[in-house]
């Protein structure tokens, strides 16, 4: 591994260690968050938000690194970006386009959108890990990040479900979420088409993880700090 790769890996490990230490200091275990189930959770709303914000930021960092690594390794000169625009499986969700729009959106709507985005990524992340494992010569930097993102997405979803339950007690979160149907594209024998499908999926993951991170930080500021942040 070159010195640049070692430095990047060291930075990620340091970030993960810092996040883990912060969570332990706050008395928040990573898994399970509530040993007796969400209904018996004693973790404060502030701690749940702190944990969720850190995890979502970490996921977005990993997503950006994985996309950049894939772009450098497989997409140079292929023109994949033009095919990736507006082709995400989550495009049907009416998400705010920028921070200003998100600030005008009710907190219940933002939380439902975050839950919808997280749930819509469970299936593609599982298959992303499976298919990347089968790729010949795939860099460890891509596979390790894919595995981590899948695990952290589940943790973040668990945390957001508990936040939703505390902020809106008794509410039923039953909004449908987009279903991903891109597995055949990840398994095609046409190498360029397969790489294009991976590129598109990673592009969408980076985009959606950025949205989740932005919405969560806004919710944290609005609900926990009464917009004084």
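Glycine too: its Cβ is placed from the backbone N, Cα and C atoms.
Just so it is clear, the model here is predicted, and its values are computed rather than measured.
In Swiss-Prot this protein carries:
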- 1-30: signal peptide (SIGNAL)
- 34-41: disulfide bond (DISULFID)
- 56: phosphoserine (MOD_RES)
- 61: N-linked glycosylation site (CARBOHYD)
- 64: phosphoserine (MOD_RES)
- 88-204: disulfide bond (DISULFID)
- 120: phosphoserine (MOD_RES)
- 221-229: disulfide bond (DISULFID)
- prompt: Of the recorded positions listed here (56, 61, 88, 120, 204), which is spatially closest to residue 229 (disulfide bond) when Cα positions are compared?
  reply: 56
Message: Using a 10 Å cut-off on CB atoms, tell me which of the disulfide-bonded residues 88, 204, 221 is the least crowded.
response: 221
- line: With neighbours defined as other CB atoms within 10 A, the best-packed of the recorded positions 56, 61, 64, 120 is 56
- request: Provide, as an integer number of angstrom, the distance between the C-alpha atoms of residue 61 (N-linked glycosylation site) and residue 204 (disulfide bond).
  value: 14
- prompt: 10 Å Cβ neighbour count around residue 229 (disulfide bond)?
  reply: 10
